[in-house]
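Undergrad: Below are the features listed in Swiss-Prot for this protein:
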BINDING   Gly107, Thr108, His109, Gly110, Lys111, Thr112, Thr113  ATP binding site
Amino acid sequence: MHYHIIGIAGAGMSAIAHILLDQGHTVSGSDVQRNALTEALEQRGALIHDGHDPAWIAGADALVATSAVRDDHVELSAARARGIPVLRRADLWREWSQQRRVVAVAGTHGKTTTTALIALMLTQAGGNPGFLIGGETPDLGIHARWGDPAAPLVVEADEYDRTFLALTPDVAVMTNVEWDHVDIYPSPDNYEAAFRLFTRRVAQPQRLIVCGDDPGALRVANHPDAQQYGIEEAIARNPASCRLAPMDWMAANVRYDGAMTNFDLWRYDRRTFGARLDGTYTMRLVGDHNVRNALAAIAVATLLGVERDAIADALAAYRGARRRFDIKGEANGITIIDDYAHHPTEARATLAAARARFPQRRLVVYLQPHTFSRTQALRDAWADAFDHADVVRIGDVYPARETGDPRTVAHALAGCIRHNDVQAVGNVVEAAATIGGLLRPGDVLLTLGAGDGYRVGELIIDTLRQQN
């Protein structure tokens, strides 16, 4: 079959394109701008069109569109006029879920890292798993693969537009649940209701892996047989949070040493009501949030029969996904890091990790807020998200699919943030010029956001290198 994909330059739709190519289908696609993801698809034989035009769907047997594509999109309208079936991401996920054993990683934060770790652990054990990951993962060489149909298909189960409800997981992870995608879910209760429905799609509750440190995850996965994971220190701070059962997978004695993290893993045996030390694990990721991501991946891989040595080797080797604490480079003694964090909780966790990694250095943070609806709804939560930063700069809002005034909303957000050095800095080019002028040797610049704010760091590092 010939599938034409609208929005093929995005992580989610390019992943679908790779799977379809693996299955032997013909793939074409269109987007407003090419990138490394479309280049990789072209190298595999996909036909990529610039911009959007009804002519691009010629010869297509089916059209695949992202949930964000408007109903009056020219290619979508042309497909319907010609009787070409229009599929959403959920339609393909549902079909694949019926063909494969699915491991689904759901949650507001941490999905990409956890999904990638599980896929890498299965691969390290000699398997050929399928996977769909929402970020480029150098250790796997690609962010989506069909793999061996007899092996599990590991899916980053995105909740946007309730797409994850198309899956019927054999194993599922719930990393955390905290209101997001406010354009789809008008209230926290509405958001949690979707996750509650997702947990019910797991046939056996003991194959549901839940973060016991997260109150939201515990609320939606309220089953005594669900396995829990968490960090000993977090449990000590909030013992009431662990109300389903003792921690089945618990990290203790977490140690950060520069770019490395070590922790001891304790496993609880529900049959003997006792815990045993499984050993010490090492990884190249920093931050408590990444310890939790690692615990979830270890739990899933163990459940799927992967030996401990393969799990430990994969965890130690994992270098992270692109745009997840992604060190872009260093120039003039200034380190520039980019992260996809676009929710206050994600930003807070990323800043804590940066402070642990660079305890003595000045931390300059640039945030490009993502969408007007999210920025407005979570404005109060942003107020205290920058406690670990020394300097905070807020860029214009990245509108994505929404309309509004990027600058006015950014200035309003900057005014709500409780910090003694916070300013709004305009668009990407203006932000790069302003921030570049205040950086000094020894600084760490951290760019945050799900849009194109990473360009601020790229522009600054190019300028610094030209000065040498």
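Using N, Cα and C of the backbone, Cβ positions are placed for all residues, glycine too.
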Undergrad: Count the other Cβ atoms sitting within 10 Å of the Cβ of Thr112 (ATP binding site), across every protein chain shown.
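TA: Cβ-Cβ neighbours of Thr112 (ATP binding site) within 10 Å number 24.
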Undergrad: Across all the protein chains here, work out how many other Cβ atoms are within 10 Å of the Cβ of Thr108 (ATP binding site).
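TA: Excluding its own Cβ, Thr108 (ATP binding site) sees 22 Cβ atoms within 10 Å.
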Undergrad: Within 10 Å of its Cβ, which one of these binding-site residues (His109, Lys111) has the largest number of other Cβ atoms?
TA: Lys111
Undergrad: Return the residues near Gly110 (ATP binding site) by Cβ distance under 8 Å, restricted to its own chain and a separation of at least 6 in sequence.
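TA: Counting only residues 6 or more apart in sequence, the Cβ neighbours of Gly110 (ATP binding site) under 8 Å are Thr175, Asn176, His289, Asn290, Arg292, Asn293, Ala296.
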Undergrad: With DSSP assignments reduced to helix, strand and coil, which class does Thr108 (ATP binding site) get?
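TA: Coil, per DSSP.
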Undergrad: Non-local Cβ contacts of Thr113 (ATP binding site) (under 8 Å, 6 or more apart, same chain)?
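TA: Non-local contacts for Thr113 (ATP binding site): Leu285, Asn290, Asn293, Gly320, Ala321, Arg324.
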Undergrad: Suppose the ATP site is Gly107, Thr108, His109, Gly110, Lys111, Thr112, Thr113. Which further residues of the same chain have a Cβ inside 8 angstroms of that site's Cβ centroid?
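TA: For the ATP site, the extra neighbours are Val105, Thr114, Thr175, Asn176, Asn293.
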Undergrad: What are the non-local neighbours of Gly107 (ATP binding site), defined as same-chain residues 6+ apart in sequence with CB under 8 A from its CB?
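TA: Result: Thr114, Val173, Met174, Thr175, Asn176, Val177, Cys211, Ala217.
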